[in-house]
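Report on the structure given below.
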Amino acid sequence: MQHYGVNGYSLHAMNSLSAMYNLHQQAAQQAQHAPDYRPSVHALTLAERLAGCTFQDIILEARYGSQHRKQRRSRTAFTAQQLEALEKTFQKTHYPDVVMRERLAMCTNLPEARVQVWFKNRRAKFRKKQRSLQKEQLQKQKDCESSHSEGKTEPPVLETQSTIPDTEKTQSIPSEVSTDLNLTLSEQSASESAPEDQTDREEEFKSTLDEAKVDKSPGVDGKALNCKRASPKSESPISATVTPSSSSGLAQTHSYSSSPLSLFRLQEQFRQHMAATNNLVHYSSFEMGTPSAMPYLGMNVNMAPLSSLHCQSYYQSLSHAQQVWSSPILQASSSLPSLNSKTTSIENLRLRAKQHAASLGLDTLPN
């Protein structure tokens with residue numbers, strides 16, 4: 001069947017033209033009943049189109065023609081792969097150029113216009129998120145500042161409340177320590193008051209002092225052993241006071257406890273005499289011989305330099321040795337009879353002084 005007719009027009013086009021002509025003839029015949037109104041073909045076509053079209057579509061068609069009529073587009077549903085590719089590109093750059101958008105459109109099988117609009121929306125979403133984060137940070141800073149300002153005003157009240165129990169604790173602890181010290185000091189004062197009184201009497205009665213020294217000499221060996229066994233920490237005044245066994249023995253034997261103070265005075269006189277003579281000789285090595293039957297009171301086996309032997313430290317060592325003495329040794333020593341006379345006790349004192357001076361690095365007394 002031949003579709004092309006005269007002058008190259010198809011049969012379909014000819015049929016449409018004939019149909020339009022027939023419509024025009026029918027309209028002309030109907031218009032004869034209304035002599036003042038003669039509608040044109042353009043008016044008829046607009047009247048026909050007004051039934052199914054809006055006024056905006058008619059204006060757009062009048063401006064741009066039927067091809068540029070606004071078409072409604074459905075919302076684009078992005079797949080997971082498309083969104084992943086778009087997000088990766090957005091992390092690299094927020095403003096992709098035309099070449100990057102075209103490549104991304106080819107990879108995601110999307111039109112380039114859709115990619116451009118997606119990036120515009122994504123940038124708007126990113127800015128909105130940044131603004132919300134900034135608001136949250138500002139709010140947190142304000143909260144922190146307010147909490148710091150409140151914390152600066154509140155802690156002094158808490159500190160005052162906390163310092164009250166601390167002071168109570170510190171007062172309670174020294175009170176306990178003071179009670180212990182008072183007990184021990186009372187025992188010491190009871191044990192030392194008698195020696196001081198007796199030393200004053202001994203200055204008047206030196207003969208009784210010498211006889212008392214002869215009686216006390218056998219118990220010195222036990223005292224030296226107790227001094228060796230005592231730890232260095234026990235030399236402190238607080239720890240040295242904790243000697244319950246010594247207080248009872250000291251209270252019972254007053255004549256025995258008076259020996260450290262009297263010997264201390266003798267040693268001080270000896271040191272003053274040696275300082276006056278200025279005969280200080282330092283021995284490089286000192287060999288201790290066999291100890292005599294009556295070693296010098298207060299003599300330590302561990303030799304210390306002369307500079308370290310001060311009066312206070314020596315008095316502390318004597319008082320410590322006085323407290324370390326136990327009651328059985330005191331009772332045993334007090335029960336021993338006095339066998340030596342006054343002359344032997346003086347010679348023994350001189351011998352002990354010579355031994356002590358040699359141990360300290362001092363020259364001996366002139367005979």
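Glycine is no exception: its Cβ is also placed from the backbone N, Cα and C atoms.
Range 344-357 is the one annotated as motif 'OAR', of 78-91, 260-273, 316-329, 344-357 (source: Swiss-Prot). Counted with DSSP, the compositional bias 'Basic and acidic residues' (133-153) comes out as 21 helix, 0 strand, 0 coil.
If you average pLDDT over the motif 'OAR' (344-357) in this model, you get 87.
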